[in-house]
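> Have a look at the structure that comes next, please.
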């Protein structure tokens, strides 16, 4: 794909190559002086964590293209987008001495678009006050681990998996997280660390018409309806609508509010799906450039869905400007009916932006003469967020940003409580009526606030700003016709998904799995309980999802997850749910004979699967990592859509089934998914692991079938140590031979 406004920059690559040894020195310092102490302090179990070797490798980062923005930017800033690729043979070894655990990283790949903002520009050398770096959307990240299963056995880490770790790292690289490097000492760095969003996008997700009917009956003779729902993304904020049952013209009438930190470049992405018991069918997508929405201020129109033959979606989009004055507040309150409504939630009239700097002279908590582990709980109405924990100090420095949507600042309060995480007790609190901010200059306060129920001189330093959300309509002539610029997926979406590794999807396809519907959650960091309850009991451990569900909880978190790594829905049992039947084996033999057709197919005609198998006595579980398959047979001209299904025989109940995601159109899928079975070591040695690689087709579809099987008796003395091995797939799973 050729982007005319993106330029090659070989001179930049030559410069980076020359600087690479010094960049590596900086990265090593970052690991040792920042990351290592942070990991040690995060958890008691990790107090002996250390890096034993850090070598970033000789292969420098490559910049494939540079785009410089000249329109819609502030005159005091320069915005560059760098398309970066890093494929490095690194060696990073780490050790946790307390658990005799060693692990490491052999190689890292990262591909994505990094935005560099040079601001403010100043009339003195070096002309640039500071530099900000971040990724606009999650980069493609691949890490080749060594000893990962040992690491995931350490207490405090045993709820993680490699995909979750990648998701956490990726999200730390994406807005609103940014790296700010001051270049001039006089620059007000606090101003750069207090990023005010460019605007708020209010999305009225109204209705759709003429959607495709995906549910069919009687082997497709009778066309049914769909159970549609939508997933809406702005940056890393994700919202999911309710499901409307059996309706091709659904009305949702839901409203979401999302922060927009950066445009140009940010888009509103919407995907519609049909909820199904096994896998959700794709009903269409839409991408809208936010520059267009900002220009129009208010868009209320029907959009034709992309990537499908029919269907359209009715959206009303409002671009809300953040105003530093309260003169429009009464008008805004009337427009969202907050003047009559006593409730603390609903549509927002203002945004509260908060920079939590530090605290001083905190009391020692329960134990006298011992320093506390302070964290701060912040809440406005039903919405609460909490800061990171700072360890063993009564003068903590946080330097964190928070945002809250506010329904009515005249009636609501900001409540702040400093707590000691170690002893679960309060170290002080205060309440600030937001009406005080309305009387402040620029609706901003920056000061030390005295804490009540605390020490005599205990204070907390914060900068707090209120911004009124105003829909300023631009005056335009009556004959002015407008329509938002809809991005066609041929450039924006497909190019993004396939620009680096076309043969392996960057994330599972939209219909292979879907987010677990989470009920409205109001606490941004304490979501674990709610999210865990909403997961199927058989899913491999997953990080809590962060999907705001409805307008009653309009909460855009800084830390959302893309649906690619959320729990896969367990299909309900059906006639076609398990195809490890004699008839499937016969079909596979027949297909093999057709493939052979007079030629020799070699040692492993059905291909191979790579598994890591070990028993963890500490967790009393059999752990199976499904890494990848290679040289699978093609099910159709387009290849296969493989996934892996496992049982621990003799248990073939639905609750005992484990499944990977589906990898589309590939004969060499990479899964890297961890599964566990609760079973003791003596018991597991009497069991057999039944592994089937299958092709995913539609419900009762002729394209569904078996690609190969494997039966592994687990009566091995090596099970406690574990092993990683390539196995040959066969028609019925007998005679499994280790390939390597």
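Placement of Cβ uses the backbone N, Cα and C atoms for every residue, glycine included.
Feature annotation from TrEMBL assigns compositional bias 'Basic and acidic residues' to 523-532. The compositional bias 'Polar residues' annotation in TrEMBL covers 533-547. The compositional bias 'Low complexity' annotation in TrEMBL covers 548-562. The domain 'SMP-LTD' annotation in TrEMBL covers 5-184. What TrEMBL records for 183-303, 328-453, 605-727 is domain 'C2'. Residues or ranges marked as region 'Disordered' by TrEMBL: 474-573.
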> Quick one: DSSP breakdown of the domain 'C2' (183-303) into helix, strand and coil?
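Taking the domain 'C2' (183-303) as a whole: 11 helix, 59 strand, 51 coil.
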> For the domain 'C2' (605-727), provide the mean pLDDT of the predicted model.
85
> With DSSP as the yardstick, break the domain 'C2' (328-453) down into helix, strand and coil residue counts.
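Final tally across the stretch: 14 helix, 57 strand, 55 coil.
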